[in-house]
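Report on the structure given below.
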Amino acid sequence: MKTIGLLGGMSWESTIPYYRLINEGIKQRLGGLHSAQVLLHSVDFHEIEECQRRGEWDKTGDILAEAALGLQRAGAEGIVLCTNTMHKVADAIESRCTLPFLHIADATGRAITGAGMTRVALLGTRYTMEQDFYRGRLTEQFSINCLIPEADERAKINQIIFEELCLGQFTEASRAYCAQVIARLAEQGAQGVIFGCTEIGLLVPEERSVLPVFDTAAIHAEDAVAFMLS
């Protein structure tokens, strides 16, 4: 079994499922008392979020690249960045850390393609929904077209993520709002929905979505397990 290095804490609420899902995956594959060989570097999300708001992406890239190097020195054999949004600086991490980097959009793209879909809704932070680092990769590498919410909906979802979910607050009102947005995007032709923020899967259960759900945290964790046992 390879040792996986997790870059977490963005937010820590969604890092917990990564640890659980990876361990469950190893147990299912190997049985008995087997558990995952995991190293975790959990950053202070306050600093990361401030950099996001200020547009200081180079600084966040430096922080995460240094964290990845620390995991490499500690014995990690691959890197999993436990957040969708911070894949905006994936290149900065990969340019300085020589370990295999398991990109969350690639794992998600393979899952969508495997389900025979080419047109999906995307919910996430405004950075993930509006910028090209995530949607563009899905389009270029997997020919997947992402439908995103309207501007006011994007602002509301971003507010829910940062002011509620990242603080461990999960309300029925926000759950219903996200389900309503998903239903509207289904009417526009979306075949499935990407929970492109690792916290959204903590808010909206699959049964509340009219579309098949691609929970990126779960998909990414499965990809990590496959890598660890390869």
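Glycine is treated like the rest: Cβ placed from N, Cα and C.
If you draw a 10 Å sphere around the CB of THR83 (active site, proton donor), it holds 29 other CB atoms from the protein chains shown. For THR83, the entry in Swiss-Prot reads active site, proton donor.
Swiss-Prot lists CYS197 with the feature active site, proton acceptor, giving similarity to another entry as the kind of evidence. Following the DSSP three-state reduction, the secondary structure of CYS197 (active site, proton acceptor) is coil.
Annotation comment: Swiss-Prot describes MET10, GLN52, THR83, ASN84, THR85, THR198, GLU199 as substrate binding site, evidence class similarity to another entry. Neighbour density for GLU199 (substrate binding site): within 10 A of its CB lie 26 other CB atoms from the protein chains shown.
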Inter-residue C-alpha distance, ASN84 (substrate binding site) and CYS197 (active site, proton acceptor) (nearest angstrom): 6
Least Cβ-crowded entry, counting other Cβ within 10 Å, from the binding-site residues listed as GLN52, THR85: GLN52
Reduced DSSP assignment, GLN52 (substrate binding site): helix
Inter-residue C-alpha distance, MET10 (substrate binding site) and THR83 (active site, proton donor) (nearest angstrom): 6
Cβ-centroid neighbours of substrate site MET10, GLN52, THR83, ASN84, THR85, THR198, GLU199, 8 Å, sequence order: SER11, SER14, CYS82, MET86, GLY124, THR125, THR128, CYS197
